[in-house]
Amino acid sequence: MSYSVKRSRCKQFFRVMRITTLLLFVFIFCMHAENSSSQNVNVTIKRSNTELENVLNDIEKQTDYLFIYNKFVNVDRKVSVNLKKASLEEVLANLFAGTDVK
């Protein structure tokens, strides 16, 4: 292989690497996470002596969240909650107070 062919391939390789690196940085900066309005959602819920699963279903209907839990979460547990325009974090803290769920 001649010197010019090797040099040409080397230049092409570095050009591809520069473009790949540039695209990588563009995608990384586009995916920069910060609080959005969906993370600051407020929920109004009033339930008395209702199964936890039903309350979580109500929250799912009011928000874009989907709750997935394992068998160790007792969703048959009866809960009472009465909150107006409370943050989702506050509602969940209220529902899971006194449990190991965090």
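Heads up, the Cβ atoms here are built off N, Cα and C, so glycines get one too.
Just so you know, TrEMBL annotations are computer predictions that nobody has curated.
According to TrEMBL, the feature domain 'Secretin/TonB short N-terminal' maps to 65-101. Within the chain carrying the domain 'Secretin/TonB short N-terminal' (65-101), a Cβ under 8 angstroms from the stretch's Cβ atoms is held by residues 40-53, 55-56, 59, all 6 or more beyond its ends.
Feature annotation from TrEMBL assigns signal peptide to 1-33.
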- [ ] Six or more residues out from either end of the signal peptide (1-33), which same-chain residues have a Cβ under 8 Å from its Cβ atoms?
- [x] none
